[in-house]
Every structure is written in structure tokens, then in C-alpha cells.
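> Okay, so TrEMBL annotates it like this:
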BINDING   Gly113, Ser114, Asn115, Gly116, Lys117, Thr118, Thr119  ATP binding site
DOMAIN    25-100  domain 'Mur ligase N-terminal catalytic'
DOMAIN    111-289  domain 'Mur ligase central'
DOMAIN    312-438  domain 'Mur ligase C-terminal'
Amino acid sequence: MSIDATLVQKVALRQRLANDTRTFASVSTDTRHHSPQSLFVPLRGERFNGHTFLDAAIEAGATATLWQEDEALPREVPDTFQVYYVTDTTEALQNLARLYREHVNPFIIGITGSNGKTTTKDMVATLLEPLGVVHKTKGNFNNHIGVPLSLLSMPSHCDYAVIELGMNHPGEIAFLSRLAAPNAAIVTNIGEAHIAAFGSRTGIADEKMSIRSGLTNEKWLWIDGDESLLTAYADEATTVGYASQADVYINAITPLKTGYTFKINSNVSFSLPMLGEHNIKNVTYAISLAQRLGLETERIQKQMNIIEVSGMRLEPLQGPNGVTIVNDAYNANPTSMKAAIETVKSLPGYKERVLVLGGIYELGEAEEALHKSVAEVIEAPITTVITVGDKGYWIHEALTLRALPHITCIHVYSVDEAKKHLSPYLKENTVVLLKASRAVALEKVLPAVKGGF
């Protein structure tokens, strides 16, 4: 990327140095991630104030800063260091992102949904690589700070930008959509994530569909055709689903040990080298978008063979004695946990199938019932279930009440305890699933089982 000072000046009230022809190689709010010729944007919140880290930013390579005008500037800054005074650094960051997006003018794909946002983002980005320079959201930079930073990290010669839009409160998706101004948008599905903030799945659906607020191309919207809450939007979108009435329908699914083969609209076959049957729908969104942008089917399949998704999302790790760890511990909600369990149930070739499940957060008053609903999909060929923590106990409780034969149920209250109970199951022809919300950090069991990886 290369951001000219004249662009930054447009969001500033005034500046410290009059003559300014510099350019910036990066924009950062974190002094740990600065590089030479970077622009520092200190943010201010209830419990932190980034303005106190100006010295560290300068030492790390920053040559200028956006600076909230009601903050006192340290007495000593380098003579050549530029200060752009603004009313609010967060708003200035967002406005700068808008200006840079307009300057670069790539084709932007906005992606939201309760589950699969990051995976679908990775899929879309990979499939579009033959069409030009592709930029995508890194990590989970999908909120009111992350989306501007994602836009500002685009290379100046970017052709396509795949931007993930997340939410945890009402109005966020509409705001982010207007900020990113996507040319195309995908709503992967509607689940229960953040239901405490929206009251119901209907509230979540309304929020997700507000991605249309900033959508610049009519009909360039893809939605889940199997979700009844989205039926009202079918006429203004391309529906993707398993029913034949979907605009793009999926059938003839054949599970393999490392992925699936499937058909789209009964006549075009594809192979997905990735776990999780739900990922078939995710990649179909990407396929349909790529086709509309002009990518040939043969090239799409070649790109599908090299898809690499972000870590801890149904990530298969090979261990000693033939054991396979499916690390899906990045985050969880009831829908994604059930989908992960179904994935492990469908994998061919394993004698024992072990689930290690932790708590799910941000479910509000319905959290106990939603945890217990996870137990409804646990059945043969699952052989062992280890639940972790206070919230995980609700899954354990519901499962033990079902008294299923041939399923061993174990409950522990810490990840360290889970490590001890997991060790005996690390053997040949066994697959182990790790799934929980991010706060549980369930991946910490991995150092204990990774010795032969």
C-alpha cells in the first residue's frame, strides 16, 4: 500500500508541519505492528488511551500520527514528525479508509454470516486469484476498527478486496457495509451467535441482511436458500442451497476422508479437499461469485485444490499412532458446534471418534437450553465425549440423561484436566474434535498431544 499525505490531510483539522509530501507504507493502531514510514492512529476507549504510546510508535517507525485535538502532545517529538489533528481518531481512521477505498477502487466483496465468514472469505480470495491482485481481511479484523484497517492495508494496485464484516451489536453491519461499500455481498447463514444482543434469530437475520445498506450492485447478493428467515429476500439475491428450487443448488455429495465431491445444479462436478459438509455451501458461494465474474469452471476447480483456510477452523492435524486431531477451537456457537460434530460423525475410516467440547459464550438467557441442544446431535458413531467447564457441563448433563450405549461421557472443569483425560485416546484409527468458544482456549490441549506431530 501507499497512502499519500494529501489523502490524510482531508480527514485532518490542521497539521503540525506545513510542507508535507510524504507517503505512508502502512497504518496501524498498535505500536507492536509498526513499520518504517507508518502512520500511527492512537485510539481512545474507556480503559485505554493509545495517545500514551506515541513514543513507542515513533521508535517502531511511525513518521506521523493522527492526533485527537483534546490530547496534549508530548513536548518532544522529532522535528520531521508530522501530526494531523482530528476531532476523533476512530472517526478519522474510518474516514481515511473510505477515501483510500475510493482511491484504489477495487471490486469489493463483503461477507457476513453467523458461521463460516472467515472460511468463505478465504475461499473467495483463493478462487479470484487468477483474475488479478486479491486482498483479504487478515485474522478477525471485522469490526469498526478492523474493517478500516483491512481497507487501509490494500495494495494500491488491488483488483479485488474480500472484506469480512462482523457484529456484536445492532446497527454494526449496516455501518460497516456503508464503510466498505461492497460491489458484491454474501450472507453465509443465520445462527445463534451474539443472540444475547439481538433477542432472536429473526433479529440476527435482520442485522445480517442490513449488509444491503452499502451494496453498490443490485442483485450481487448471495444468501442461504435453506434458511426460512431469508425467504423474503430471495427475489433480490442469488440463493444457494440443497433444495432444487435454489438458484444454485448442491447435490450428489460424496464424503471422502479428506473432503467431498459434489455437483452444482446436477451437472457440474467439483471436489473440495476440506473437512465439514457445511463448507460445501461456503465454497459454492465462492464458486457462484467467481463464475459471475468470468472465471472458467476448470480454473475454479484448480483453485479449489489449493484453498487454505485460517487456522483452528476444522483444521486437521496428524498425530502419533494414526490419530487425527480436528482443531475447530477458534470459536463456537450452537450451529457451528453441531456442524463440527456432524463432520466427525461422517468421516470414514475411524474406529473411535472423540469429542472435546467447551462452553459457548454470548448466548444470553437461552444459554443453558442452547448448550443442551448440542447433545441432540451426539450419537453413534461417536464413542467418547469430554466436556469442559461450567457451560460445557450443560452438554454433559443433557447427554448423560439420554443414556446412550457405547458413548463414554466425561466432564472436567479445566483444559488441563481435559489434557489428562484425552491422552488415552491418542491411538490408531481415532479422530478427536476440539470445539469451544474463543475464551475457553481449548487448543491448549494440543501441546500435550502434539509430541509426535
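These residue numbers are counts, starting from 1, taken along the chain as shown.
Every residue, even glycine, has its Cβ placed from backbone N, Cα and C.
Quantities reported herein were computed from a predicted structural model and do not represent experimental measurements.
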> Counting every protein chain present, what is the number of Cβ atoms, excluding its own, within 10 Å of the Cβ of Gly113 (ATP binding site)?
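Cβ-Cβ neighbours of Gly113 (ATP binding site) within 10 Å number 26.
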> Averaged over the whole of the domain 'Mur ligase C-terminal' (312-438), what is the pLDDT?
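A mean pLDDT of 94 is what the predicted model shows over the domain 'Mur ligase C-terminal' (312-438).
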> Around the ATP site formed by Gly113, Ser114, Asn115, Gly116, Lys117, Thr118, Thr119, which additional residues qualify by having Cβ within 8 Å of the site's Cβ center?
Ile111, Thr120, Thr188, Asn189, Asn282, Ser336
> Using a 10 Å cut-off, grab the number of neighbouring Cβ atoms around the Cβ of Thr118 (ATP binding site), all chains included.
24
> For the domain 'Mur ligase N-terminal catalytic' (25-100), what are the DSSP-based totals of helix, strand and coil residues?
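Summed over the domain 'Mur ligase N-terminal catalytic' (25-100), the classes give 26 helix, 20 strand, 30 coil.
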> List the residues of the same chain that sit at least 6 positions away from Asn115 (ATP binding site) in sequence and have their Cβ under 8 Å from its Cβ, in sequence order, or write 'none'.
Thr188, Asn189, Gly191, Ala193, His278, Asn333, Thr335, Ser336, Ala339
> DSSP-wise, what's the residue breakdown of the domain 'Mur ligase C-terminal' (312-438) into helix, strand and coil?
56 helix, 30 strand, 41 coil
> Suppose we draw a 10 Å sphere around the Cβ of Ser114 (ATP binding site). How many other Cβ atoms does it contain, all chains included?
24
> Just to be sure I understand the packing, how many Cβ atoms besides its own are within 10 Å of the Cβ of Gly116 (ATP binding site)?
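If we count other Cβ atoms within 10 Å of Gly116 (ATP binding site), we arrive at 27.
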> Can you check which residues sit near Thr119 (ATP binding site), meaning Cβ under 8 Å from its Cβ, same chain, 6 or more apart in sequence, and list them in order?
Asn279, Asn282, Val309, Ser310, Arg313
> Using a 10 Å radius around its CB, how many other CB atoms surround Lys117 (ATP binding site)?
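Neighbour count, Cβ to Cβ under the 10 Å cut-off: 23.
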